[in-house]
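A.B. asks: Per TrEMBL, the feature domain 'Sugar phosphate transporter' maps to 12-298. According to TrEMBL, the feature transmembrane segment maps to 7-27, 39-64, 76-94, 100-122, 134-155, 161-181, 193-212, 224-246, 253-274, 280-300.
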Amino acid sequence: MVINKQLVLTYLYLLVYILLSSGVILYNKWMLSPKYFNFPYPITLTMIHMGFSGLVAFFLVRVFKVVSPVKMTFEIYATCVIPISAFFASSLWFGNTAYLFISVAFIQMLKALMPVATFVMAVICGTDKLRWDIFLNMVLVSIGVVVSSYGEIHFNIVGTVYQVTGIFAEALRLVLTQVLLQKKGLTLNPITSLYYIAPCSFVFLFVPWYLLEKPGMEVSQIQFNFWIFFSNALSALALNFSIFLVIGRTSAVTIRVAGVLKDWILIALSTVIFPESTITTLNIVGYAIAICGVVMYNYLKVKDARASQLPLENLAERTAKEFKMEKKSSDLYVPDDIINNSSGLRTGRNSSSDIIVDEEAPLLASSRLSHLGQSQLSNHSA
């Protein structure tokens with residue numbers, strides 16, 4: 001039996017992605033929860049992540065020169081980077097704050113609303129068209145989330161509002177990324193996107209931190225363990241790069257399936273690690289309904305991508321053209337229509353509602369169509 005090393009390596013990357021994504025979420029919950037590490041300052045934790053990521057990116061770009069910075073003008077920075085950074089910082093702030101009020105399992109169930117939020121924002125901003133088949137899927141997802149919420153024993157309206165607000169902030173960031181950066185023709189890889197976005201997000205978070213968390217930190221005794229904070233920030237950074245490795249080797253379908261699998265694993269793990277996270281039958285039924293809607297949505301989006309590859313040329317001609325395109329791409333062969341996940345920047349022509357997002361690392365490239373026929377898709381959408 002011949003073992004395909006590339007296939008094994010791909011699945012190894014997927015496993016690392018699932019472990020890191022689940023680990024970062026559980027780690028954040030453990031640190032923020034008053035019952036465990038007791039560091040109830042989500043804005044501070046997010047600022048640590050941004051500061052660490054920005055510092056690493058600075059050394060990679062300016063000192064070690066692993067990648068070259070893009071031609072960033074003041075106009076592009078003011079009109080593109082700053083608005084995107086603001087919504088990125090908001091999504092992380094609200095999302096991390098939700099850990100203080102609701103369980104990890106329930107948070108993952110609420111995150112099923114991400115396609116709904118992105119689709120709604122894309123339609124409002126005019127980057128996607130209202131389609132009844134997708135709309136009905138979004139209704140199904142919403143019904144599932146409502147049923148799951150109704151079955152939540154420890155339901156908390158404050159935590160739910162924080163999480164849902166964070167989801168819609170992230171959705172708006174994705175749409176703005178498409179609208180603003182696509183017009184500028186700006187392409188940022190994961191490192192350069194961290195380089196530009198992380199410091200700006202840090203600055204945006206400083207104002208709410210100064211008003212909301214700084215006064216409490218002055219009067220309370222904070223246990224600061226350098227290695228815990230360092231390992232937490234390092235895990236978040238590693239997650240970004242693991243997603244980048246995964247999307248370079250797999251299709252959009254594989255990443256979507258891995259994301260759904262990760263959510264189920266995370267829900268199960270959270271109930272073991274955090275015993276107070278109780279899951280009811282109604283929780284599971286509601287989440288299953290929502291996942292069915294998400295799966296159907298993913299199927300429709302992939303079907304649309306394949307349908308866009310019109311048979312204008314025979315397969316051999318398309319393959320030859322695609323091969324030429326591949327030769328011009330980078331060694332990591334990341335297509336132009338990919339976003340960045342610790343800064344989440346996207347420059348392609350795909351619909352923003354077609355983006356695959358990991359909420360813990362929303363700035364790396366996280367949308368990837370199959371290589372074959374990708375240029376065709378771009379041509380037809382132009």
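Each residue, glycine too, has its Cβ placed from N, Cα and C.
Each of the listed features needs to be described in terms of its position in the shown structure.
C.D. replies: The average pLDDT the prediction assigns to the domain 'Sugar phosphate transporter' (12-298) is 90.
Panel annotation: around the transmembrane segment (7-27), residues 104, 107-108, 232, 235-236, 238-239, 242-243, 245-246, 249-250, 254, 258, 261-262, 265-266, 269-270, 273, 358, 360-361 of the same chain, lying at least six beyond its termini, place a Cβ under 8 Å from a Cβ of the stretch.
Within its own chain, the transmembrane segment (39-64) is flanked in space by residues 28, 31-33, 89, 92-93, 96-97, 99-100, 191-192, 194-195, 198-199, 201-202, 205-206, 208-209, 212-213, 216-217, 222-223, 229-230, 232-234, 236-237, 240, 342, which lie at least six positions past its ends and keep a Cβ under 8 Å from the stretch.
Same-chain residues lying 6 or more positions outside the transmembrane segment (76-94) and placing a CB less than 8 Å from one of its CB atoms are 42-43, 46, 49-50, 162-163, 165-167, 169-170, 172-173, 176-177, 180-181, 184, 186, 196-197, 200-202, 204-205, 208, 343-345, 359, 362-363.
Within the chain carrying the transmembrane segment (100-122), a Cβ under 8 angstroms from the stretch's Cβ atoms is held by residues 25-26, 29, 32-34, 40, 42, 128, 134-135, 137-138, 141-142, 144-145, 148-149, 152, 154-156, 158-160, 162-164, 167-168, 170-172, 174-175, 178, 263, 266-267, 270-271, 274, 276-279, 283, 286-287, 290-291, 293-294, 297, 351-353, 355, 357, 359, all 6 or more beyond its ends.
Beyond its flanks by at least six residues, the transmembrane segment (280-300) meets 105-106, 109, 112-113, 115, 133-134, 137-153, 253, 256, 260, 263, 267 of its own chain at Cβ-Cβ distances under 8 Å.
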